[in-house]
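These features come from Swiss-Prot:
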| type | residues | note |
| --- | --- | --- |
| BINDING | His106, His421 | heme b binding site |
| BINDING | His284, Tyr288, His333, His334 | Cu cation binding site |
| BINDING | His419 | Fe(II)-heme a binding site |
| TRANSMEM | 15-35 | transmembrane segment |
| TRANSMEM | 109-129 | transmembrane segment |
| TRANSMEM | 136-156 | transmembrane segment |
| TRANSMEM | 190-210 | transmembrane segment |
| TRANSMEM | 233-253 | transmembrane segment |
| TRANSMEM | 278-298 | transmembrane segment |
| TRANSMEM | 347-367 | transmembrane segment |
| TRANSMEM | 383-403 | transmembrane segment |
| TRANSMEM | 414-434 | transmembrane segment |
| TRANSMEM | 456-476 | transmembrane segment |
| TRANSMEM | 490-510 | transmembrane segment |
| TRANSMEM | 603-623 | transmembrane segment |
Amino acid sequence: MLGRLSLSAIPLDVPILVGTFIGVVIVGVAVLGLITYYGKWGYLWKEWFTSVDHKRLAAMYIILALVALFRGFADAIMMRTQLALAYAGNPGYLPPHHYDQIFSAHGTIMIFFLAMAFMTGLFNFIVPLQIGARDVAFPFLNNLSFWMTAVAFILVNVSLFIGEFSQCGWLAYPPLSENQFSPGVGVDYYIWAVQISGVGTLLTGVNFFVTIVKMRAPGMTWRKMPVFTWTALCASILIMVAFPVLTVAVGLLGMDRYFGMHFFTNDGGGNQMMYLNLIWAWGHPEVYILVIPAFGVFSEVVPAFSGKPLFGYSTMVYATCSIMVLSFLVWVHHFFTMGAGPDVNAFFGIATMIISIPTGIKLFNWLFTMYKGRIQFHACMYWAVGFMITFTIGGMTGVMLAIPGADFVLHNSLFLIAHFHNTIIGGVYFGYICGMNFWFPKVMGFKLDETWGKRAFWFWFVGFYCAFVPLYIVGFEGMTRRLNHYDNPAWHPWLLVAEVGAVLVMLGIACQLTQLYVSIRDRNLPQNRDVTGDPWNGRTLEWSTSSPPPVYNFAIVPHVHELDTFMLDKENGIDTRQAGAQYEAIHMPKNTSFGSGLCKCSALIFGFAAVWYIWWLAAVGLVGVIGTVIARSADKDIDYYIPAEEVARIENEHTRKLMAQAAE
């Protein structure tokens, strides 16, 4: 009836997990109690959970990403603390099986639920506004994609308290992830979390590809698209091509585990190296799925705070497209030690070095944009300059690892871990936080606090180097990844420094929380409010509408005649808002409960039941998912019109605020 599920699956004998569970329950009850006390359930359901508005979904994606940051960082600081303590005769405070689950969950959460969710949140808010669209191409799929991602994140966290998580790392290499070596439910939690979130991500890629190709404003040709939109397009193409490979790889691993197949086992004709090829054929494009949009963020931020147009727009676009193509030609550099031979290794090593060329072009373009510019060092520019320094170092170490001979020495060492975090934190996280600071006034109507934002940057920047430069050093000294104990006295001081770095990063996260609190508290101060909709003297269309934008984004769809049309119109004194124009009724999609209610619950039921072999319940969940999608397809009540009078009222109110601001 309940498959493998029993009371013994609840880890009551692990004090850390019991304490965590009690803390989660207390926080959960407090949050639910506050929502109930203030009577916000109806509001949250109608205006947020069922929303198909790309702007609200963007906010929910970013909230999900920040929650994932807290969980993923908790895992990170636990690992750093274990390695600071577990030296010589001291075993540390984490048993090996628990430590293995922590590093596996850390990687899974940070990539799939922090980085991917943050990226999708930025896409959702910015892309439709930058191309002059009123929504995305498929609003329901947008809602469904979010809830698939949220369900997968819930599934990962359920494994904390019911069963266990994978102990095989964030990519679940076989044969360790096969039944013989991982007979528990941990790998199954991993499989279904990745598969469900992968569905959401694939739908997102399709959605934004179609949105950018088909819904650009009149006159916005390919050569007039903002660079951030170009990066979103390239990332969407990468998603559509790469994520099916992940689905197949993890699906075949699931067939090994559930049906006794032998795709990746050491017997029965299986080949574990096939899994590595498949997972990294997805995995390296995934790195660029994450970092290319960060490049797009910097391509918007640097011109805005340098007071100049972006240097080398065409080369930026060509470089982005080159990186997109080359990202599929480098995956073997993750396992030069496989034994494919010198010719294969030489090809992929050279391809890896070549991909640094378009990346270098981007870096020089940003520097030339800043050159002789009127640079304003807002918090956004701190993150941008910090990225340029940090990502350059990460790129240099990447070129080192692209040399097969060097990789034979450094493979599977902490040098590799330091390089990976150098690119993901220094490139992806710095980029997304930069974008959050930049576009926050557009989202919320008020600026983020500059003082706390700069403090957060410095703690993150210094903490990052304290945490990961020591890993380069101990990697050179031979320390391999995934160790939970060591005896080498030369490593211990460096790992203590890394622990200090993790604490500094924790203070950086605390500063970011404080920044949010202070910004919300002081949102009505004149210097913080964004009445104009253009607080940074921006160049692209998103700054031409109010902050926050109305539900329809643009009362009149803009016409684009040049790159940076909005900036040119401002310089020429053209009224971009067309105040007083004759407005028309605007066609918009209706909110839906199909994705946020029925489909979400069914997917969660299916995933949990499949983990525990509760097949009757899994069938119920699967039928629920399929039935919900079919029912939604047959639903005709999916849109409505905003009356022209309502549009005029909203636009006139914004005009009144602008006039009042000018009078002040």
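Every residue, even glycine, has its Cβ placed from backbone N, Cα and C.
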Between Tyr288 (Cu cation binding site) and His106 (heme b binding site), how far is it from one CA atom to the other, in Å?
-> 20
Residue among the binding-site residues His106, His333, His419, His421 whose Cβ has the most other Cβ atoms within 10 Å = His419
What is the total of other Cβ atoms whose distance to the Cβ of His284 (Cu cation binding site) is within 10 Å?
-> 22
Other same-chain positions with a Cβ less than 8 Å from the transmembrane segment (278-298) and lying at least 6 residues past its termini are 111, 115-116, 119, 122-123, 171, 173, 227-232, 234-235, 238-239, 241-243, 245-246, 248-249, 252, 320, 323-324, 327-328, 330-335, 362, 366, 384, 387, 423-424, 427-428, 430-432, 434-435, 438
In three-state terms from DSSP, label His421 (heme b binding site) for me.
-> helix
Under a Cβ pair cut-off of under 8 Å, which of the recorded stretches 190-210, 383-403, 456-476, 603-623 contacts the transmembrane segment (490-510) most often?
-> 456-476
Using Cβ-Cβ distances, find the residues under 8 Å from His334 (Cu cation binding site) that belong to the same chain and are at least 6 apart in sequence, listing them in sequence order.
-> Leu276, Trp280, Gly283, His284
Roughly how many angstrom lie between the C-alpha atoms of His419 (Fe(II)-heme a binding site) and His333 (Cu cation binding site)?
-> 13
Mind checking which residues reach the transmembrane segment (383-403)? Cβ under 8 Å, same chain, six or more beyond either end.
-> 294, 298, 301-302, 305, 333, 349, 352-353, 356, 359-360, 363, 366-367, 410, 415-416, 418-419, 422-423, 425-427, 430-431, 433-434, 437, 457, 460-461, 464, 472
Sequence-remote partners of the transmembrane segment (109-129) [C-beta within less than 8 Å, at least six residues beyond its ends] = 54-55, 57-62, 64-65, 68-69, 71-72, 75, 135-136, 142, 145-146, 149, 152-153, 156, 170, 193-194, 197, 201, 204, 208, 211-212, 215, 228-229, 232, 235, 286, 289-290, 293, 297, 424, 428-429, 432, 435-436, 439, 442-443, 541-542, 545, 549, 553
Distance between His106 (heme b binding site) and His333 (Cu cation binding site) at the Cα atoms, whole Å?
-> 23
Roughly how many angstrom lie between the C-alpha atoms of His333 (Cu cation binding site) and His421 (heme b binding site)?
-> 17
Chain-mates of His284, Tyr288, His333, His334 with C-beta within 8 Å of site centroid, Cu cation = Trp280, Gly283, Pro285, Val287, Ser327, Val330, Trp331, Thr352
Mind pulling out the one from 190-210, 414-434, 603-623 with the most Cβ pairs under 8 angstroms to the transmembrane segment (233-253)?
-> 190-210
